[in-house]
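Annotated features in Swiss-Prot:
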TRANSMEM  24-44  transmembrane segment
TRANSMEM  47-67  transmembrane segment
TRANSMEM  99-119  transmembrane segment
TRANSMEM  122-142  transmembrane segment
TRANSMEM  150-170  transmembrane segment
TRANSMEM  176-196  transmembrane segment
TRANSMEM  228-248  transmembrane segment
TRANSMEM  280-300  transmembrane segment
Amino acid sequence: MATVIDRHSQPTWRDFLELTKPKVVVLMLITSLIGMLLATKAPLDGFVPWQVLIFGNLGIGLCAGAAAAVNHVVDRRIDSIMARTHKRPLAEGRVSPSMALGFALLLALAGMAVLLAFTNPLTAWLTLASLLGYAALYTGFLKRATPQNIVIGGLAGAAPPLLGWVAITGHLSAEPLLLVLIIFAWTPPHFWALCIHRKDEYAKADIPMLPVTHGERYTKLHILLYTLVLFAVSLMPFVIHMSGLVYLLCALALGARFLDWAWALYCDSRPHAAIRTFKYSIVYLFLLFMALLVDHYLPLKLLL
């Protein structure tokens, strides 16, 4: 016991950095930056104002880190069971729950202060809503309550491009909501493919993920159905004249490949299809948003 107390009293800076899930935060900030860039009127404005670029992403990143730290606290028992997470700071006892919560509160307050001071109130309150949606609604309740947890809770994870857009414009509009809808539709096939691959771990931790509660066949069908929805939603930026032909062609090609993987997973026609579908889903989302950016700034490139 003395050793545990000593370890709690001497966490390192790396432990606190790990609490923020830095890789996840970086991905969120990339989508936030994309939202900012898409909200900037190319080619007239060209780029994001430096104040919003730096402080907007700093505030969003701090709040995202706070939500991640709360997730570590709530999931510490689950993390200690699962192979992928059993070495996390709270699971191993390197940081105490009270210390992690205090750290999360500090990050959240700092993030909100930065957003209120350097962006606009709407960005700050939407960021707070996203933080609470992930930390309280998803992690604290939905994750253990329903196999549809990732569908409902996916809205919080889909928020960063909206936050980046609103940091520039100061108001809501159809375009950033469509970006949220794309990530919202992408989340179930992305995450359920991973859940199939790690089904036994989730069952051991008593988390009601869809493959655990309804079986792999049912989950694979829903991955296919959600991928069809995603394919349709991904074409909407072209339909509402948010993007042009370059994006449309990329969305069609990327979506067709995603459907190919979802079908292969459903039919069990390729080895390791679940984890390969999961990995492709990450590539898909990255390239889709890059296509939006290229299409957005293409007129600027043509004028140079």
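Every residue gets a Cβ built from N, Cα and C, even glycine.
Recorded stretches compared: 99-119, 176-196, 228-248; the one with the most Cβ pairs under 8 Å to the transmembrane segment (47-67) is 99-119. Sequence-distant neighbours of the transmembrane segment (150-170) (same chain, 6+ residues past either end, Cβ-Cβ under 8 Å): 28-29, 31-40, 48-49, 52, 56-57, 60, 64, 67, 115, 119-120, 122-123, 126-127, 129-131, 133-134, 137-138, 142-143, 176-177, 179-184, 187-188, 191-192, 209, 289. Residues 31, 35, 38-39, 150-151, 154-155, 157-159, 161-162, 165-166, 202, 209-212, 216, 219-220, 222-224, 226-227, 229-230, 233-234, 236-237, 240, 242, 258, 262, 265, 274-275, 277-278, 281-282, 284-285, 288 of the same chain, all 6+ positions outside the transmembrane segment (176-196), place their C-beta atoms under 8 angstroms from a C-beta of that stretch.
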